[in-house]
């Protein structure tokens, strides 16, 4: 009899534990999993609001309407006036295909649905909104159009921003797609081997090539007792691997400045051992390598091998932006901006203001410092060198009459065999108003020849037309 | 008696308060289109539940809580069903009334007719007969062939068979001496239960098959003297499950969509994912009655009612329901521990296990803790046959909670 009751109790315990287990799992689910599951685009509840609320408009910095919604009978339709031009910035919002771009990031603001607080929930129930909020972007529509025209016919990306405030003035990535024709073009876009959905400015990781020498230069300036003189004969052997200069030509006697101006590979590779992985890594991380860049759109993280065991050859390759160094074009823009802004890297942003339907300012983005890339003294020194790059060096094609441009070119080797052409820079050098990055993917020509002219034309247009 | 009355008056009043509050919410929700049926349902629910609780106190000196717990579950379920579909809500109220009548009927029949433990063969015959009916007259609902239609009323025979199973096992173990001489009699029992499970498998009624198995396993664990038989039972089930997985496509689908339903979001994983959306959307306090979207959940009034409740009434109500089942099972086991009459003791255990495992299987299923198998949440889901069979079970449990002495045994000796 006793045994029987003992067994009964053990069965009871199993049941009690199962019930408590269910309660535990439910709580875990609600706290840790629910938020992500709710956001799945198959959750029809996400679209219920959509059917009743007129989604807010998206405007450029001067008030030009870029995207808006209109009620047509029972249906609310979204219009993308410049479907292609803003496909990688505004993105899209379709029931069938989900959301992307700013439409995704700022969904609840565009719909004016307040989330996650008891009071807001009551407000939503008592007085549900019918019109969403508008977004005012930092983009200049004219410059955006100019930027796309400059890049037309090529594969790559161009971004420009204010190096002091972080406002993005234009951002184009090609190939792109037409946000307003997603239904018609979906299959074609999805199957295109050039991946038009990829925003190369923030989602593409490329070897930065010689543009990375800006960081190596700062690394060299930070290395005490480093002999900055060098005799270049066109090639050098670092630990068993031979690095050569562009077209194998020797540059003769060099110091740090003339090495950067002529973009001398042998100079930086042979100095890399003395600069060392730690110093170079510290500078790179100061310019946001290995760090997540907070932005209105998802950004891939650039990488510099600080924790990996790389040998001297690997470090030499890294010092000229090859090998294990990978960067997003946005990150290289931050490198140039940081140097332009006395060594301080500011956070880039696309959305300037969120404004309610009756014109009330709900949120304004303020400039925030992300990190200190280098000291203002060092920044000034590198800036001087970058001016000479444009004046006398590889970046001559970037020069503008009456305006002093500072920049650095890059020609990055990659697996495709056709090198990427890079240009990063800013102007005017004494009081920088705009910083630019140009990346031409698999262009097969040098950054100085093909990327620098695009930057030049962009800067000319921007300085003449943008209200800073 | 007086003391006991005072003790259960307080929770009864709390129950009344809960009903008053949730019904007024229902009124608010339907303010613009209030119909007579709403009033009838509201008054009907309060009256039936208050009266039946009151009446029970006069009739039975057994456990006073199990019926209270069940009426709380009924209230939550009815309000949710009514909110989803008014017509269904009125029908459910009718089923509740019939269910409570069945409860009292069961109580009196069991109380005043003796000899239940000797009719094992009868239960067995009846079970097979019901299976036969299902196969001959059965129609498919939700992919499982486990319903029969008689005169416009659909009925699920397995709901009765699950009670017969408990009676068969109880009569077997309480008549040990009688079967002593028959060699391998306990193996016969295993064979019988497995034949049931196999038949349920063929009907594609996986939820019920699991129910049958767990009831059997639990009772076998407690009463079987031949311990190696238990391991055999577990081994057989695992082998059977594996065979089912390989042979039957519907078993495989359940398993695959349990492990990762997301790739099958618009076909076979649809149901479970809609359930997860609903629970996630509800948060801790729910969207509020009438403010969620239970129409997005498939079968929100039956198998997935727990998800619908979680969406509108919140995680805390969901936890409340689980806790109610925990107390119900706990009371059931306590009744079993106290009962001296072995037959009723086993019945009480079987019924407690039934309530426990049925709620765990379906709640665990909609939460994606275990593979989803379609069964109802006892006393909460909409449905006539499950309501009736669960109330019969509760009636048996009520009888078992009383001091029956050893009179059944005396009766047998007197024979």
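Each position is counted from 1, following the chain as shown.
The backbone N, Cα and C atoms fix where each Cβ goes, glycine too.
Checked against TrEMBL, the range among B:291-312, B:379-400 recorded as transmembrane segment is B:379-400. Between the transmembrane segment (B:379-400) and the transmembrane segment (B:153-173) there are 3 or more Cβ pairs closer than 8 Å, counting only residues 6 or more apart in sequence, so the two stretches are in contact. Beyond the ends of the transmembrane segment (B:37-57), by six or more residues, the same chain brings 4-5, 8, 12, 15-16, 19-20, 23, 26-27, 30, 64, 67-68, 71, 74-75, 78, 82, 86-87, 89-90, 93, 96-97, 100, 103-104, 398 to within a C-beta distance below 8 angstroms of the stretch. Ranked by Cβ pairs under 8 Å to the transmembrane segment (B:313-331), the stretches B:64-82, B:153-173, B:343-367 are led by B:64-82. Sequence-distant contacts of the transmembrane segment (B:64-82) (same chain, at least 6 residues past either end, Cβ-Cβ under 8 Å): 4, 7-8, 11-12, 15, 18-19, 22-23, 26, 38, 41, 45, 49, 52-53, 56-57, 88-90, 92-93, 96, 103, 289, 294, 301, 305, 308-309, 312-313, 317, 321, 324-325, 327-328, 331-332, 335, 377-382, 394, 397-398, 401.
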